[in-house]
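What Swiss-Prot lists as signal peptide is 1-39. Annotated active site per Swiss-Prot: ASP193, in sequence order, evidence recorded as similarity to another entry. Under the heading active site, proton acceptor, Swiss-Prot lists HIS195, citing similarity to another entry as support. The feature region 'Disordered' is assigned by Swiss-Prot to 259-286. Residues or ranges marked as active site, nucleophile in Swiss-Prot: SER297.
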Amino acid sequence: MTQSISRPLQYAYIAAFGGLLLGLAGWSLKSVPGFSAAADTPLLNGKLAHAFEAHYDKEFPIKRLGTNLWAALDYTLFHEGRPGVVIGKDGWLFTDEEFKPAPSGQQLEDNWALVRGVQRELNRRGVKLVLAVIPAKARLYPEHIGREQPAALHDSLYQDFLARARAAGIDSPDLLGSLRQAKDNGAVFLRTDTHWSPLGAETVAQRLGAEIRETHLLDVPAQNFVTRVGEERTHKGDLLSFLPLDPLFDELLPRPEQLQQRTTEAAPALPGGQQSGAGDDLFGDSQQPRLALVGTSYSANPRWNFEGALKQALSADLINYAKEGKGPLEPMLELLQDEGFRKDPPQLLVWEFPERYLPMASDLSQFDADWVAQLKASGGRDERLAASRND
């Protein structure tokens, strides 16, 4: 956890920041004489006040610089950012969701019941489920964790959940070993971002592809895909938003990192007009792909190219139902209620589920509460039945 500093240093910190604020406030008063409004601006309806506010916001240094100064002092003295980020070593940043203790153990149980309920519903519809639990960035890079350590809850969270899923008959490949091996070839997670790198996404796609082929979970004619690697570009990680240091103190920020964009496309057609590696009817009687993907921004954001890497690893086209900013549960429940999914379900569904969401609460208020409760109840019922059989 974060170490405390001595009381004299705390007083010095407060005094220094207070002095800076007073100095900037005095400086800002120089901008008042420069204010002018249109001659016909009414005084009593608030327009003059709004005009002055806009002028002051533009000229007031505290408005523009105070956030930078506070963030710089927090970062340099306390090695902290805004709530949401944990500062690691060597310029690494982590989401605090991988460090927080769970509010209660019940949330993990509720989420597990939903996962089981989803599995039961997919089985009823004839859809095979592959649960891809993505190991936490902090689990893969403990060497870059700083003073703050993950709560004890996270110690065995990944392996315990994986064992639980497998015991329930859910296909859940172990992705941790593959990602650890891939670290020798480059970063599998981005230093300043919550997300994986294209290499990490490709590694997981290849591991899932091997598992699915070995277990014969997908039975479709092969379709070849090719991946093209683009130029490297500077990537600003999403965790940097919790360190509002630029433009004044951008030199304090972790060094910029490069992201090499990858794009995957179907292989070009052969001279006879047939796609390389494809059969006469790519998807049997239907043109709808028999493979689907659902999950979070790990799957939805094209920067990581997980969708493309999975297509190439499985030699099969897919429909991507993943969404950004909603976690793994909400897109899955939306999918279960999707009319097209109901009428023409895929043969196989890959559910990408980052480890950090396992004990987290999700906003499921858009769904009918009774329906969600029924899903949980069906999952819990299967769990109790399995436990009674083992007794």
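Glycine residues also receive a Cβ, built from the backbone N, Cα and C atoms like all the rest.
The Cβ of the residue listed as 'active site, nucleophile' has 20 other Cβ atoms within 10 Å, all protein chains considered. In this view, the residue listed as 'active site' is surrounded by 21 other Cβ atoms within 10 Å of its Cβ, with every protein chain counted. Separation of the C-alpha atoms of HIS195 (active site, proton acceptor) and SER297 (active site, nucleophile): 8 Å, rounded to the nearest whole number. The DSSP secondary structure for ASP193 (active site) is coil. The residue listed as 'active site, nucleophile' sits 12 Å from the residue listed as 'active site', counting Cα to Cα.
Taking the Cβ of the residue listed as 'active site, proton acceptor' as centre and 10 Å as the limit, one finds 23 other Cβ atoms among all the protein chains shown.
In the three-state DSSP reading, SER297 (active site, nucleophile) counts as helix.
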